[in-house]
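If you check Swiss-Prot, you get these features:
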TRANSMEM  10-30  transmembrane segment
TRANSMEM  50-70  transmembrane segment
TRANSMEM  72-92  transmembrane segment
TRANSMEM  118-138  transmembrane segment
TRANSMEM  148-168  transmembrane segment
Amino acid sequence: MKQLLDFLPLVIFFAVYKFFDIYIASGALIAATALQLIVTYALYKKLEKMHLITFAMVTVFGTLTLVFHDDAFIKWKVTIIYALFALALGISQLLNKSILKSMLGKEMQVADKIWAHITWYWVIFFATCGLVNIYVAFSLPLETWVNFKVFGLTALTLVNTVITVFYLYKHLPEDQRKELK
């Protein structure tokens, strides 16, 4: 259910864009992200930092898009969010306080070296996605960017999540692997 809620704003953004335009879709994205926070809090009595950061970025860049009637702001939002995720993961790893380990370490006990590999993998992934977003957003038609944002980045994230799970599974202690079978 939680994962479905995470996709709600994206689905609404895409649908509204297809029927209207980027400006109405940006307003819908702000509203849908606020609704996502409200529903998530109502169901789980907790909000994750990632959701709050995303909401703040959506609100700021969505509002700038509407006020200045310039879609460049909503396009930059994607790159800035990915850059923030890459920086947060990279800095936490440099400080030996892996965010990924703190999120998943209780369920999956693997060596710190493995957490470091995964963290740097995601740093590179987020940085690359941010750079590719800049290219697609400002070199290709708006419709191509919307499709890339909704389908391309979502698919890439899902594929990288699967790769991460398999990599973690490969390095789990034998007793933990048996529990997962």
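Heads up, the Cβ atoms here are built off N, Cα and C, so glycines get one too.
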Query - Cβ-Cβ under 8 Å with the transmembrane segment (118-138): same-chain residues at least 6 beyond its ends - result: 72, 75-76, 78-80, 82-83, 85-86, 89-90, 92-93, 98-101, 144-145, 148-149, 152-153, 156-157, 160, 163-164, 167-168
Requested in this report: Six or more residues out from either end of the transmembrane segment (72-92), which same-chain residues have a Cβ under 8 Å from its Cβ atoms?
Outcome: 22, 26, 29, 50, 53-54, 57-58, 60-62, 64-65, 98-100, 119-120, 122-124, 126-127, 129-131, 133-134, 137-138, 145, 149, 153
